[in-house]
Structures are given as structure tokens and as C-alpha cells.
Amino acid sequence: MRRRVALSTAIALLVGAQLCVAAEVEVAGAGGGVVRRRSLHQPFFPIEWSPPPPMSGSEAVPPPPPAAAASATTGGGRSTTTVMNTVAIALSAGLVALAVASYSCCLLLRRRRREEEDDGDRAAKRAVGAAAAVAARVPSDVGSSSRQHRSPPPSSTASDAIYLDPLTTLVEVRQHEKSPDLRPLPLLKQPSPDLRPLPPLKRPESQPPPPPPSTPPLTTTGYSTDEEDQATYYTAPKTAMSSFSRSTSQHSTLEQTAMPPMAAPAPPQTNPPRPVRPPPPPPPPRQRLLRPLPAESPPPAALANLELTGSPVKPAVEDRGGENSGAARPPKPPHLKPLHWDKLRAISGRTTVWDQVKNSDTFRVDEEAMESLFLNSGGGGAGSSDPAARRGGSGKQERRLLDPKRLQNVAIMLKSLNVAADEVIGALVRGNPEDLGSEFYETLAKMAPTKEEELKLKGYSGDLSKIDPAERFLKDVLGVPFAFERVDAMLYRANFDNEVNYLRKSFGTLEAACEELRSSKLFLKLLDAVLKTGNRMNDGTNRGEARAFKLDTLLKLADIKSTDGRTTLLHFVVKEIIRSEGFDSDQSAVNPGSGSKEQFKRDGLKLLAGLSSELSNVKRAATLEMDTLSGNILRLEADLEKVKLVLQLKETCSDQGASENFFQAMVVFLRRAEAEIKNMKTAEENALRLVKETTEYFHGDATKEEPHPLRIFVVVDEFLLILDRVCRDVGRTPERVMMGSGKSFRVPAGTSLPPHRNENRRVLSSSDEDSSSS
């Protein structure tokens, strides 16, 4: 519609513009007398017009006449006609434009009126439909209208709500669209009517029987029609579909209200019952059915009342008590200590000894004696209600100064010592560690109390018989000045000699191991045999022609297998050493007998087996740890401060005369301990120096690569274990005769490998990982 109006206006303006242009042209033609009047469809210039020929230079162009002269030549009547024509043209153009605009406005108003009529019809249809829906819901919602709606006044009927005037409906709908009653109401979560709490009920004796179940009457607010008064409905609580309604008439409106929450049930009253009865309650839950119920069940309402007041359980208990009142319950026997045994199941169809025991009546148990002897104090017998009786009949109650767990540990350690407090006090006063021994002082040091426990024990001035024996022991020991400081000093003194002897022996073992390893001729011959064998195997490679090797190579000899896999390189070296030791290189090449061979073999094996006993200190040194030895010296030096602390406390001791022997013994021991610690440090330095020299003697400059200084002894110890096993294998293997050209011959002692060995000939190969050379 708007496009049509705009198009009409544009056409009117275009027509007006053309008329104005035509008027201007007409005026110009009338003023000059040259331009003729033309029609609207004619162009501005004629088609046959051609430009005039050019003028010659001799011809003079006359100047144009002045405007006054031109105007004077035209007559007065012609100017008047031109003005009138202009006015007429302008008036015609204005009328045309006005007509077009008026037509456009008429079209717009007509379109608007049609839209309003269509909107009114649709609104009337919606109102009629809403009224019909309300009229259809009236019978189902009238039962709950007392809580949610207001009934229409008596003058309004269902017909008024259905058949409505469209104009009236349109006006009312527009008025009610802004009403707050038509806004969506929030949905309230309300329980089902079957799960609503029941009102309080009364006791069965005062509660009359309930009436038969009936539908509750209809309750409304406001007015209702005669047809609604005659009907009775029961409506469930408000739902999402019934909670939203609209009013369609001024005479019949339903007000939407939410159901208020129900209050808690009031306590039971003795007032007469109200005429209106609630519906019967739902059946009792499973837990309620498990409870004891009376013999005759009351009505549902009375049952709910009895459940709330708790009265039905009491009569049931009283009735049962009356039934069992004649038979008294026997007293529960006291609990005795358990006997843990394995019970056997009865075997049918077989006679056992237990059948005879079961049928025998020769033995009867004295229950009173058993209860007096084997009563379980923790079980709590039937007659032992007194706490003192449950603890064994003693009414004396002990007082605890220490934590129960801590006290239990002290009691266990004190029981293991099995000494009295007087003996401990005497040993601490005299200062002689040999009286009780180092183990006693070590256990006593673990019993040392904390500062807080010490204050509690010293501050207790009550009856000593009311505290625990372990607490009494600690309290007696704490009577000695700085008692547990003395215990630490005595423990250090008792263990000092053992620690010093262990260190002295360990350092001596290291020195002896170094001497044995450097002076052993058999070990030197073994190294020579391994070096020559390795050079023969590595001949022609970059690992050949070695002059030395690390002792770690000895551990790899047993890993190199022969071609047939029956022997190893270490077995071969052992056999060669036995052969070289059994034959003399200066003897003639006479083939010895078989008896001499066996004797040579036994002598050689005996010689090699003696290498382990020859290097016994090396095996002991392999079990030592240099870090442990150094740590023991540092610990001895640090613990010596405990002795110095006890001597410093001498000035604070109140009874110095009684402890004079202790302090004198500690002073003498302190001087000796300082001297011994100094000697141990010197022995440690000497041992480390010898170990370093021995390692350099075998490894040269590779000593810096060793992870710890005593590794050389560990390597030799492992090799000796492997060598002993190989010697046992060789001793069990029969002697193999070396054959050459059908005869056996003797290899000189200076030769490492024989030129020919048909039976034991092998092709040995090794890799960089299996052997190393220097």
C-alpha cells in the first residue's frame, strides 16, 4: 500500500514539473517573438532544423536591440495573455497533484479500515473460543474453586460465557490483556492427595467409628448458580493445565489463587468430633506393619491417631508381658575365657569315641569353680555391674601420670630387664658400666621420659601405691641427679671399647689385605697366564700385545665359552697352570706315566685351591665399607660430648659427695677416649693410603676411575669364588692327553700354549665387550 501511494505522488510531481517547464517555454516565446508555442509531445528543437551558413567577414553583425526597445515593439494585449496562460497552467498542475494525493489518502484509509475489521474478527473468534473452553472446564474446576477461583455472580450463566457480542468481547479482551490476572502463574509443587499428612486423631476409646467414605462437598468462594449448588465434585490439587485460566466476561470471572501450605497437625484434643471427616488414610508402610499390633485393629482414622500418640505399642507390650509374667527369664550366665578349638561335625552311620563320651554321666562340671577361676573380666558378667568388680574385685583405682601407650611400653621394657630400682640407682651413683652391661643401659635409655613427663613424675607427692609400678620405677630413678644423662654417658662408656676394637681390627685387615695382594706369587702367576692367553686370542687386532689389564677382566674369563661349549677360558688357564707347575722345564722329554700325571694334577689343584686361603684378608676386606668406618669414628667423637656434658653438670649437683666416684671415673674415661679416637683417625689415614697404593700397583693411573677405594678387594673376592668352582670342575674331569703325530708329548714350562692339541683345539673369538687391554 505504501508503495502505491509513493508511486502516485511521484507521478503527480512529474506531471507538475512538465507543466511548469512548458509554462516557462511559453513565456519565453511570447517575450522574444521568435520561439513558437509547442505541444507537450513536440521536442524542444525541430528535426528539420539546420544551422545557418557562416557569415562573411565583411558583413557586420548588428548589435541586439535593447530590452526596452523590444518590449516597446510588442503590444500591451499580448503580455496580458501570456500572464493568464501561465496562471492557468500552474493552477491545472496543482489541481492534478491534489487529486492524486487525495486518491492516495483514500486508498490508505481504506486499507487501514480493512485491517482493523480483520483484527476485530480474529479477536472475537479467540474470545468465543476461550469462553467455550472456560464453560467446558467449569464442571471439573468448580470442586476446587474454594481454594483457587471465585465463582461468577448469580446473574451470570454458562450461556453468557459462551455467546458473546464480538465488539464487547474485543473491548474486554483488550482490557484484560494488561490485567495481572492473565499473567502466567508459577507452578507450585504440591504433593498428591494420597500423600498429604493426616489430621490428628483421637484415642480409640473416645473416637467414634468413622463414617463411610464419601466425597467431600463442594466449597466455593463468592456466588454459584443453582446447577452448581446441586452438584458435588472432588478435584485434585492444582496442576499445570488447570492453574491458568482467563476471564471472558465482566459478569463471570474466576480468580486464580494458590493453595496455601497445610499447617502441622495439632495435638490431640478431647473436643467432640467435627461433622466433616477426612478421607481414609493410605495403608501403613512396611515398617509400620512390622511393629506389634493389637489383636483387634481399630479403624483407619483411629489407627493413625494411635500411631502419632504411641499408644498402640504400649498395650501390646503390656499384653505380652501379661502372657509371660508367669515364667521369669533365667539369669544370663557369666562369660568365661574362650577355649579356641576345632569343632568336628557329626558323622552319621559311623561309631566314634565321642558317642561314648556323649552318653557318659561320670563327669560333672563344677560351674562355680570355673566361674571363680576362668571368669572373663572383659566380658562383663551378669552380676558384675560395679566397675571395680569387673576389674577383678579390687576397689582400688590407680592414677595415671603417663600416656597409657607410653606406660605400656615402659612396663614391657622394665619386665625384660628384671631389675629393681635400687640396683639401677647404685650403678648410676658408682659409675661402673660393668655392673649391669651395655644392653641394660641401652634399654634404660629408651625409657627416658620427656621433659613434661619428668615434671609430672617429680611433682607427684601422693601415695606411691596408687600409681603404676612402671611410673614408680621412673620416679625412683629420677631421684638421682640428671639420672638419664648419666645413663647416656654410661651407655657410651660401655660400648666404647667394642667400637674401638672393631675399628682397629678393620683397619688392620685392610693393611694385611694390601700386603697379601701385592706379595702373592701364585696370584702373580695367574695374572701372567691370563695376560699371555689374552694376547694370543687377540693376536692381529688392536687389543693384542697388551702389557697390563684391569682386574675386572678376571670376572669375564668364565663367560668365554669354547667352540663345543664344554669348557671356558678360565678352565683352560687353570689346566695350563697345573701343567706348568707339575712339569719341570729342565727335565728330559720323557713321557711320564699316568700315575705321575694324576699326582701332578692333584698338586696343581691343591696349589690353586690354596690361593683363597692365601688371600684370606682380601676376602675379609671385601666385606668392609670405608664410609661406615669413617662414620663410626665421627659418631664416637660426637657422642663423647655427652660425657663432657655430664662433667659440666657436676657444678649443679646438690649432693656431690655421693656422686664423687661417678665423676672421677668419667674424667679418667674421657682422657682415654680422646686418645683412642685420635689413634683411630691415624689408623684410618694409614689404611686409606695403603689401599690407594695397592690399587695404583695393579691399575696404574686408572685409580681415579674407581667408584670407591675398596673395589679392588671386591673384584678379587668374586674371582676367588669363581676360581674355586672351576678347580672343583677340573678335579672331577678326567685328564685329557695331549696328542701330537700319534704320540703324547710334553710342553715346556715357558710356553703358554701348546703348538698342537687335537682334542682341545678351539677357535677362540672375543669382542671389545668381552675382553679389554691396556
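Backbone N, Cα and C define each Cβ position, glycine as well.
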Of the residue ranges 374-402, 432-460, the one that Swiss-Prot records as region 'Disordered': 374-402
Where Swiss-Prot places region 'Disordered' among the ranges 51-78, 583-610: 51-78
Segment-level pLDDT (mean, integer) for the domain 'FH2' (326-749): 78
